[in-house]
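Here is what TrEMBL records for this protein:
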{"type": "TRANSMEM", "residues": "20-37", "note": "transmembrane segment"}
{"type": "TRANSMEM", "residues": "57-80", "note": "transmembrane segment"}
{"type": "TRANSMEM", "residues": "92-109", "note": "transmembrane segment"}
{"type": "TRANSMEM", "residues": "115-138", "note": "transmembrane segment"}
{"type": "TRANSMEM", "residues": "150-170", "note": "transmembrane segment"}
{"type": "TRANSMEM", "residues": "190-214", "note": "transmembrane segment"}
{"type": "TRANSMEM", "residues": "226-244", "note": "transmembrane segment"}
{"type": "TRANSMEM", "residues": "250-270", "note": "transmembrane segment"}
{"type": "TRANSMEM", "residues": "282-301", "note": "transmembrane segment"}
{"type": "TRANSMEM", "residues": "307-330", "note": "transmembrane segment"}
Amino acid sequence: MDFNGLSIDQAPPISAPVRFFLTAPLFGILAGFMIFFSDSATLMSRYSIDSIVITHAMTIGFLGFVMLGSMTQMLPVLAGAKIPNVKAVTKYSHALLVLGAIFMFLGLLKGNYIFNIFSFIGLGSGFIIMLAAILISLKSVENFTATVRAMLTSVVFAFFVVLMGLYLLYSYILGEMSALHIVVANVHSVWGIFGFAGILIIGVSFQVLPMFYVAPKFKSFCKQKVVWLISGGLVLWLTLSFFYEDYAFVAKLWIALFFWAFATTVWLKLNKRRRPISDVTVWYWRSSSIFLTLGAFVWIFDEYFKHEYIVMAAILIGGFILSIMVGMLYKICVQFPVVWVSIFKWPKGFIYEVISPTYFYRGLD
């Protein structure tokens with residue numbers, strides 16, 4: 001492993017990120033139970049209450065918590081960015097987000113606007129506190145690497161995603177849907193998947209693939225331009241969706257092309273890594289790149305088969321993002337704490353003590 005440029009001594013207290021990591025699987029289990037006991041016909045509609053609750057149990061509860069925990073842990077190490085009062089910030093934002101998510105699920109399922117108000121307050125304040133703290137920490141960064149720029153960009157997208165989510169939740173509090181509700185919902189989901197999660201994953205891969213897997217470094221064009229090109233495509237898609245919907249296909253193709261290129265690059269980098277020993281997390285990256293390619297293709301043509309929206313959501317959220325998050329949890333949660341205790345000294349094959357190949361392949365199924 002290549003740890004050049006890392007500030008291991010800047011790592012936050014382990015309680016700061018771990019509270020997010022420990023809570024995330026509980027929401028994942030909740031989402032799994034809800035999928036199991038929900039009516040399949042209901043889940044085919046993206047606007048059904050069951051679909052909305054299950055989707056957000058995964059996106060806010062599991063993926064969102066993993067991403068916030070990862071940034072809490074990795075920003076000080078990768079960029080030397082210290083989150084101010086990290087213990088207090090993570091403690092209170094975590095509590096607000098947990099309560100906000102639970103009230104949201106109950107409020108939507110029960111049609112209770114009081115619960116939705118509590119959810120609005122909890123999720124809004126929890127996300128804003130956490131994202132604002134991350135942005136403040138980035139002000140102290142001296143070496144603005146490609147990874148840091150991507151993280152900053154993803155946090156900006158996250159702010160807009162949160163604001164749009166609060167707007168949509170407010171509609172349920174009022175019991176009225178505005179004419180823009182569906183358009184805002186589309187932008188909310190696309191910017192959440194490609195803007196927040198997608199760009200964050202791209203930025204982290206610039207550092208993680210060479211560091212953990214001794215893969216070749218990404219080329220300068222990829223590190224310097226791709227994030228901006230994708231961001232520009234997302235803004236263009238937003239504009240076209242509001243004013244020239246018939247031409248939004250062009251922006252979708254632009255965004256998808258760069259994500260296809262990224263997925264292909266990840267696969268090739270892993271094939272060329274100087275440390276050919278393969279652990280299960282490598283296959284999470286490989287499977288994620290495949291699902292990203294398929295999901296981006298389905299998204300381009302989604303208007304032609306709107307009833308299959310659940311397929312696109314499953315591929316992009318469950319296949320692309322979830323694969324990366326689970327793979328990174330095994331790396332970040334397991335090996336980084338070991339680094340803190342005994343710098344760079346863990347036994348060969350340590351990952352297999354945490355998850356066996358048998359259980360990994362069951363997870364893929």
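Every residue, even glycine, has its Cβ placed from backbone N, Cα and C.
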Notebook entry, point to check: Do we see three or more Cβ pairs under 8 Å linking the transmembrane segment (57-80) and the transmembrane segment (226-244), pairs being at least 6 apart in sequence?
Noted result: no
Item checked: Leading contact stretch, 92-109, 115-138, 150-170, 190-214, 250-270 vs the transmembrane segment (226-244) - CB distance under 8 Å -> 250-270
Note to self: Looking only at the recorded stretches 92-109, 150-170, 250-270, 282-301, which one has the largest tally of CB-CB distances under 8 Å to the transmembrane segment (190-214)?
What the structure shows: 150-170
Next item on the list: Six or more residues out from either end of the transmembrane segment (250-270), which same-chain residues have a Cβ under 8 Å from its Cβ atoms?
Entry: 194, 198, 202, 205, 209, 213, 215-216, 218, 222, 226, 229-230, 233-234, 236-237, 240, 282, 285-286, 288-290, 292-293, 296-297, 299-300
